[in-house]
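The region 'Disordered' feature in TrEMBL is assigned to 31-57. According to TrEMBL, the feature compositional bias 'Polar residues' maps to 33-43. As annotated by TrEMBL, repeat 'PPR' applies to 207-241, 242-276, 277-311, 312-346, 414-448, 449-483, 484-518, 519-553, 554-588, 589-623. Per TrEMBL, domain 'PROP1-like PPR' is recorded for 211-372.
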Amino acid sequence: MRHYLRRYPKLSNSTTTAVTATRRQYATKYTAKVTSTSPTGRSLSAEVTPPPPLPSDIRGYPLPRHDLICKATRILLRQSPHSTSDPFSDLSDYLGGLSISLTPSEASEILKSLNSPRLALRFFQFCPSLSPGFRHDSFTYTRLLLILSKSTSPDRLGLVRSVLAEMERCGVRGTISTVNILIGLFGHSQDLDTCLGLVKKWDLKMNSYTYKCLLQAYLRSHDSSRALETYREMRRRGYKLDIFAYNMLLHALAKDEKVDQAYKIFQDMRRKHCEPDEFTYTILIRMNGKSGKADESLALFHEMITKGFAPNLIAYNTMIQALARNNMVERAVFVFSKMVEQNCRPNEFTYSVILNALVVEGRLGRLDEVVELSNRYMTKSIYAYLVRTLSKLGHASEAHRLFCNMWSFHDKGDREACISMLESLCSAGKTTEAMDLLSKIHEKGITPDTIMYNTVFSALGKSKQVSHLHELYEKMKRDGPLPDIFTYNILIASFGRAGKVDEAVKLFEELENSDCKPDIITYNSLINCLGKNGDLDEAHMRFKEMQEKGLSPDVVTYSTLIECFGKTEKVEMACRLFDEMLAEGCYPNIVTYNILLDCLERCGRTAEAVDLYSKLKQQGLTPDSITYAVLERLQSGSHRKVRVRRQSPITGWVVSPLR
């Protein structure tokens, strides 16, 4: 019980004080009569009347003055852009004019009304200056900590620690609510140990909510071992968890593969009359599936249904995934059929799990059955996802069949699915089907773009189908879209690969007259085309032209020309280009060294080849099988001219004479 005592000091050396008791016997009220005597003998008396006492409840605690709280809050929250005064000065003037001071409970209510953690902290720090006798108590500290705990500021933990340090300096003991707030805020073991230290220091008793907060804090910090210890401690003290906390603990234990502990918690959960829900069962089904216990997952799934729970999408997906992981494809498809029967719509993850299981088991033919089972849920996006996935897995025929099915059932097409289908057909060498798809794609509301055309151009070029290249390019120029730099590069390389030098040169000139301009790859393709088809002088001229236009030749450019000169036995020119390459700061790669080594070895310039090999090692390059093959010929003195050639990954042309 608090006692409130208000005293008024003696005002002169002549004071008569009358004491009367208040209606409450445990308090004293003072009134005063002040008498002053002047040098002339005249006296003046004044009776001092104290201000009315603060309103209090039946226990004697002062009640917060709501009018004062509202006015103070309005002053602090004043947001007038034209105001130049400080709201804290205005609040001080307001309280000073009333000759009253705030109580801690009123300060707590004002803190609660402030909408900014920073403003609340500033007001908290300002309160002691309003009255010399003001002292924050555990309630105001707890209120501020609660406000700071909800802040999104990155330094909120630092602010909370500073408030705790101030509590320590002022000797204020917090309550168990203070500790609960701190546990809910902190997520690291060191801070949680600090919270437990405060419980002991403040001589507090942890309640059920404290244990629950502590358990969840350990789980947030991924410390399932200490969370389990906390659970056991609270069970010894007779406290219970709710279903949400149980599920959190089970999920953490399952994630850490602590299967036995998770089952013990599950059994304890049942004994303590906390019935598992669908999330509980889903956690355990996933845990057993990952542990290779698919039969136990099925038993739990059946128990969940028996208890009246309707499995949701996550539960079905978890069960199907558990079966698929354990190579139980038939049962996975069966559960999928039940899922559809219960009007639970599958999503992309559902189909991906079944699709991967069918691929692993070599039973991709059953995909048609899965599609048929869920026909009413087969949206365009699901079809597109399956087409993309099958294409990436290299199953072009199955992807094409499914794509044709999507084509028949949906008026609008899916751009990503079309691109995936084109890439899949081209990778499989089915260029006729790819061209047919490209010609009909507009029927599904999709406008062909340069990416689609370039995909088909690249496939036609690799298979040297020159007539189809001409046909498709003419269609592109006629119907759109406009070719881009990648289109020209692909076509020039493709015509060059087929030995169609005139067409390649014509395309290069067309490119120069278009909005696009040749780049390094364009010149590399043209130089490769000219050099490999016998027009070495023109190739070298294009090399000079490239430099004049400000394009710096790269390692592919030099390697191509060095090979071309080497094959025509112009070894001096090849060596001169190699030296120029080094002078320009373009470092040769292992392919360049192999080309020049082969050239020198075939011409019998053994000493120069050995010196070149030394440079290769000095540059830090690792010799490959081609390098060692050349070295072997150098040692044996054999100058065979039979070569297995490989293609450049950029231009598609030969840049190395050996493999």
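Don't overthink the numbers, they just go from 1 along the chain as shown.
Every residue gets a Cβ built from N, Cα and C, even glycine.
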Requested in this report: Grab the pLDDT values for the repeat 'PPR' (242-276) and give me their mean, rounded.
Outcome: 90
**Report entry** Same-chain residues at least 6 beyond the ends of the repeat 'PPR' (207-241) whose Cβ lies under 8 Å from its Cβ atoms
**Finding:** 176, 179-180, 183-184, 186-189, 192, 195-196, 199, 248-249, 252-253, 255-256, 258, 261, 265, 268-269, 272, 274
Requested in this report: Work out, from DSSP, the number of helix, strand and coil residues along the repeat 'PPR' (277-311).
Outcome: 26 helix, 0 strand, 9 coil
Query - Outside the repeat 'PPR' (277-311), six or more residues from its ends: residues with CB under 8 Å to it - result: 243, 246-247, 250-251, 254, 257, 259, 262-263, 266, 269, 318-319, 321-323, 325-326, 328, 331, 335, 339, 342, 344
**Report entry** Residues from the same chain, set at least six apart from the ends of the repeat 'PPR' (414-448), whose C-beta lies under 8 A from its own
**Finding:** 380-381, 383-384, 387-388, 390-392, 394, 396-397, 399-400, 403, 406-407, 455-456, 458-460, 463, 465, 468, 472, 475, 481
